[in-house]
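S.K.: So TrEMBL has the following annotated:
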type: DOMAIN; residues: 1-208; note: domain 'YhaN AAA'
type: COILED; residues: 215-242; note: coiled coil
type: COILED; residues: 487-525; note: coiled coil
type: COILED; residues: 600-634; note: coiled coil
type: COILED; residues: 670-771; note: coiled coil
type: COILED; residues: 799-826; note: coiled coil
type: COILED; residues: 851-885; note: coiled coil
type: COILED; residues: 911-988; note: coiled coil
Amino acid sequence: MKIQKIGIESVLHFKRFEIDLGRDNSFHIFYGPNEAGKSTLLKLLIDLLFGGKIDEDLKQHFDTRSRLEAILHHTSLPLIHFYRKRRYSKLVLVGEDGKDLSHDILSPYLSGYQKEQYALLFGFDHERLRKGGESLLQSGGHAGISLFESGGGIQYLQQILQQLNDRTKELLDPTFRKSSSKLLNKSWKQYKDSMNAVKEKGLRGEDWHKKANEIDEKKKALTLLQEELEKIQGEIAKKRRGQRIWKPYRDRKNLLSQFETLKGIPTLSEEMIQYVTDVLENYQKVKGEKAKGKAKYTQKQSLEEQIRYDQKILQLGTEIHSLNEKVQQYITRKMKEIPEDRRSMNEWKEEARLLLASIAPSVPIQEADQLQIPYSDEEDILMLAEDIKKWELSLQGERERLDEQSFERSKIQRELDGMKDPVDPAPFEQLIRQVQREGDIDDQIEKTKREWEMGKQTIRRIQKEQNIWTESIQKLADISIPLQETIEKYTERWTELEKKKEEIEQGLVKEKQQLKDTIDRLEQIELGGYVPVEDDLKRARMNRNEHWDQVKSVWLENQKEENWDFSDIESLATTFERSMEEADEIADLMRRESDRSAKRANLLLQKQQTEKGIGQLEERLLANEREFSALKENWEKEWEISGIEPKSPREMKEWLNAFYRPVLEEWKKVKESEHQYDDMLRKKATLLNELKNAVQTIGFQSPSDEEHIEIFLQKIETFVKKAEEKRINIENLKNRLKDSELKIAVQKQKVEQLDKQLQIAKEKWEKIQRKYPHLGENPEVAKSTIEKLRKLFQIISNMNRTEQSIRNKNADCEDFENQVKDLAKRLSENLSDYPSIESFVRTLRETYEMEKEKKTKADEIRKQLKEIEMEILENEQKEAEYKQILESYMNTYHCTTYDELQELLHRAIHKKDLEEKIQDTEERLMEAGDFLPLDQLEKEAESIENPDILPNQIEQLEEKFEELETRMKDEKEHLWQLEREFEEMNETKTDAIMYSQKAESYLAEVDQYWNEYLRFELAKRLLQRAIDQYRRKNESTVIKKASNFFQQLTIDHYKQLIIDYEENVPLLVAIDRRGEKRKVHEMSDGTRDQLYLALRLAFVENHLDDSDPLPLIMDDIFVHFDDERTKATLAILNEFASKTQILYFTHHQFVVDAAKHIGANLRIHHIENKQMEPVE
């Protein structure tokens, strides 16, 4: 099956467009930028084929005008043209006539596939490729799983198998080990243990009945409490349910009231509403088209009457057309070709005369044929001339080469005579290798010395960065310092005291700030006037009472007033009176300023407490400083023996890490470098002595003690190398001398042979010269003469042909002029009225075209009039049919006008929508109401007087529930105590019952786990069997095809796919170009994606071999492919397109550019925001 045409109308931004995919092109690429509508088009394409419920994200973009259109082509089925239209939330299938069709009509075209099956098997996108690659990795390349997944378009089968296997392992250990922790084994063991315990336990007597009755009474009380709890719990659930159902109940009630208003409206099916609506729309449309057709007919009829044309000139159209085609040829020949041919004739005659004069001046041109040489003789002459020239040049070259070789031999002999015998380098080679094994000892000495100096510089630099140690490093290595644990202990205590001091100081700052704030607030209060507090009142009253005691003493005890100390201006009475007024005034003021007085009293108390706190903090600070001084003194004693004046423990710890330890470590390295330096100097002296002794035997200059061994060694190597080169040169010269003598002998033979061949050729030339004397004596001249003869006879041939051409062209021109005169006579035209014959012909052609255009226009209008007549007649018939149908419905539903019928349909649709909404609302109501009967939920909702008070009622019930629950807990504790006593009375009976109950519980668990184990184990084994059967069935054909695809996809990086076995497990393995095996986990992510694609394509090709082809739909599968593998994949898809249609969606320009070069079977379509056009 192929999709031949796709049409989309009024969906999203696609207002109206069509795309004809045709029958010839099978590979289609839809290209467009992001947000251009590719994804939407892809979804609509699937919806167009399979229909069904509209996706939520597309539903809002469909309306009554929306329509999807398709034409499907099938090799063994008729062409089918169909549409999809929205009906409520679904896309229904309709025919060209607008009538509904059954989806079964499309089933043969789609090979019986459902929407989900088609998407899995024939849909490809980069996300599914990536998941497929991940799934191959997860299965470890298991051949069966890989084939099963790729064949079904599914992923993560290994994960499903693993989950099934894990669950069966959790459930059962088939060996039934005693210590097994598997669920079924554990429950079975517990069941057996419980049954054994039941057998072991027995009954002691019947004295437990009294306690048992007491327990029963308590249980009955608990049962009543439980029932009350359940009742309250039910009330709570009912109230909460009331909260949930109130809104859907109210919505349903409103919908039912609306539905009641439509009670008189008939209930119509969706098909009926759609049908009548379509008839109404078609009636109005046909009526308007009929009126337009009549107006158009009148207009066209008027135009047809205005057109007049010449019938006579139209009858001569063929002749006029023929003459018009010949006129340009006539002009060209008469005005250009014939004059040019005559000029060429004159030029050729002159050129032939000059050529003949240069070859044979005495021979006239008419007798030039006697000079012609047969072609075979010409070729022999030319070849002989060429051979003579070649052999002369070769002979000259070989003689020169013979002279050069003789000179070269003399040169080699002289050079060999000047050579002396070389020195034998063998004695030095062993010594050189020995020195080389030691390496560059001078470089090692310099390197060791640099390390030594750098170490000392590093020590000096580190020492300058601190001021604790100023003496020598040698002495530093000998001093004794505190242990690391001691330093850590002091650091911890030091930090603790510093932190404590900081906390105390922060507390002091905070307390002092609080004291200052308190004093400021007191001053602010006192700025508003004096405000007494309780203490002021107490002092005033004490003062008043003291003065009253003094007054009583004067009055009652007759003490004199002078005994009391008062001011000079005040008497005792006055003082007492003043103290009473002061006390009363303070009391009154405190009553009036009670708020300010309370604030002041509170602030004074706060001030007193803050001052006390400051004193305590200052005491703690002094104690901290004393403790810190003692710690510091002890710390300094720890370092006294080392002679170091220590800083804080933290600083000394840093000093040890940054200076002491690094310096000692560096000092150790410096000493080691110093020893190495001395050893290397001694080794160098030894090697120098050996070299001196060796070079003295050949008279070579001995090295100095300061000279680098490597440099001297290079001199010796140079000397040895030159000696060896000299020996090799002598051998080479001797070999060259032998070769040179051999070459000279061979060269002499060549010269003699060439001289002999040249003499034979010259004898042949003398015979040819006697036969053709006009060739000349020189073979080179003969070659030029032959070329001139050939040119002469070519010119003579051209002259003859041109002369005949001129005669033929003159005859054609006369014939054309006669035809024109005859036509002018028949049309009663006078040729003398025209500037030229060609002017007459062209004017006649223009006249004919004008008349022909008039006739064509008239014929077209008459044709259009007939078509309009047919359209008007067809529209009148349709109008009558639609009118009859509408009138029948108007009579049925008692409508007097079409508008009333339209309104009825709208209200019927509204009623249908209300029915669906009521159904949805009732579903929501039942879901919110715990799926209780609808009548019961209605009663519960109607019983709710005020939904706003439900939360308070629920809260009250929950409080009551908690209270009862607490009581229930207490009662249960009491019951537990009774049962414990009962158990003590007769433990055996209780244990037996308990173990029996446990045994029943464990047996139920065993049954549950066993059934679950059977389900999971059976599912696992059936799935494994299906995988294995699927592998055996498809292994040979699919792996072979996938291997070819994989090789192409990876550009020959992998040559083959095979099934390899590892511990009887079939694994999918790739063979790379080096012949090495690569497992799935050894491949890159992108390569695994391509492996999955190769398997999928292999299965698709299998399907194409056995079944009718279906289009492959691909959405940007090249996201993780590089450029070269993208091109390779496109080439494979192009081959696939010969078997089935491929629709590829992309927003990558590179894919489009690469696809343009793969073949003629491809067509690229550009998707824009408003339309879609083919790129090429």
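Placed from the backbone N, Cα and C atoms, the Cβ positions cover glycine too.
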S.K.: Roughly where does the coiled coil (670-771) sit in mean pLDDT, to the nearest integer?
M.R.: 76
S.K.: If I count Cβ-Cβ pairs under 8 A between the coiled coil (600-634) and each of 487-525, 670-771, 799-826, 851-885, 911-988, which range comes out on top?
M.R.: 487-525
S.K.: What residues elsewhere in the chain lie close to the coiled coil (799-826), defined as a C-beta under 8 angstroms and at least 6 residues from its ends?
M.R.: 316, 319-320, 323, 326-327, 329-330, 333-334, 337-338, 341-342, 344-345, 348-349, 352, 837, 840-841, 844
S.K.: So what's near the coiled coil (487-525) in sequence-distant terms, Cβ-Cβ under 8 Å and 6+ beyond its ends?
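M.R.: Distant contacts of the coiled coil (487-525): 531, 596, 599-600, 603-604, 606-607, 610-611, 613-614, 617-618, 620-621, 624-625, 627-628, 631, 634-635, 638, 648-650, 652-653, 656.
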S.K.: Using Cβ atoms and a strict cutoff of less than 8 Å, what residues sit near the coiled coil (851-885) while being 6 or more residues removed from its termini?
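M.R.: Hits for the coiled coil (851-885): 279, 282-283, 286-287, 289-290, 293-294, 296-297, 300-301, 303-304, 307-310, 313-314, 317.
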